[in-house]
Amino acid sequence: MRTLFIGDLHLSADRPDITSAFRRFLSQSFDDVDALYILGDLFEVWVGDDIAEPFALDIAADIAALSHKLPIYFIHGNRDFLIGKQFAAISKMQLLDEVHQINLYGIPTLLLHGDSLCTLDKGYQRFRWFRNQPWVKWIYSKLSQSKRLSIAANLRAKSKAGNQLKSQYIMDAEPHAVADLLQKHSCRQMIHGHTHRPAIHHESAGTRIVVGDWYSQSSVLEMTAEGPNLQAKPLGGS
């Protein structure tokens, strides 16, 4: 048996190639799969369940169809942190906490999106704290669709411009943050995304596995009792 992990697909109507690759992934055989975990940033942007576009509802239907075969779990990313119970219900995904612990074939394992590990990026962490305040989410939910989309587009533009000025080092998972979180939860293994740097890191605190993004290829982490297997395929298939 195996368990699959994906993340950072950044699905949008503007990238039909990614959407097609995701649908091919969902159409494969899952007979020997225990569960599928989506570790955030399933969508490029999400401004609220109440104004989900037809594209997103089609994706929800695709995911729901697979849910009849196996459980599907979702952890919020920094792009789709506003996905709520309404969308989870129609897509048949089970929402998990920001940091979730599972027993993965005998190994206590932490699952998370990964942006909380980039602690050297002080500016982003301040924004992240502000963004997660319940009152901020409440005010945002009361805005019109056009206003929410405008704010989201502005934030993405600022983030892209700001990231070009930051070193790759501060935008990666900080080793002490990784070690502290593993120690806090008494785990020796962690799986996350966000950084778009797929790799298997064997560190003193434990094993850290990073799932890749889907911008130029599909990226799937397969976990079995024998260990991890990071898989990548061209978006066009084959």
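Heads up, the Cβ atoms here are built off N, Cα and C, so glycines get one too.
Taken from Swiss-Prot, the feature Mn(2+) 1 binding site applies to Asp8, His10, Asp41, His196, supported by sequence analysis. The Cβ of Asp8 (Mn(2+) 1 binding site) lies under 8 Å from the Cβ of Leu39, Gly40, Asp41, Gly77, Gly193, His194, His196, Val211, Gly212, Asp213, Trp214, Ser219, each of these being in the same chain and 6 or more residues away along the sequence. DSSP assigns Asp8 (Mn(2+) 1 binding site) to coil in the three-state reduction, outside any helix or strand.
In the three-state DSSP classification, Asp41 (Mn(2+) 1 binding site) falls within coil. Here Swiss-Prot flags Asp41, Asn78, His113, His194 as Mn(2+) 2 binding site.
For Asn78, Arg79, Asp121, Ser159, Asn163, Lys166, His194, the entry in Swiss-Prot reads substrate binding site, with the evidence type sequence analysis. Residue density at Ser159 (substrate binding site): 15 other Cβ atoms are found within 10 A of its Cβ, drawing on all protein chains shown. Taken residue by residue with DSSP, Ser159 (substrate binding site) is part of a helix.
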Densest Cβ neighbourhood among Asp41, Asp121 (binding-site residues), 10 Å radius: Asp41
Cα-nearest neighbour of His113 (Mn(2+) 2 binding site) within the listed binding-site residues, His10, Arg79, Asp121: Arg79
Which of His10, Arg79, His113, His194, all binding-site residues, has a Cβ with the fewest other Cβ atoms inside 10 Å: His10
Packing count at His196 (Mn(2+) 1 binding site) (other Cβ atoms within 10 Å of its Cβ): 18
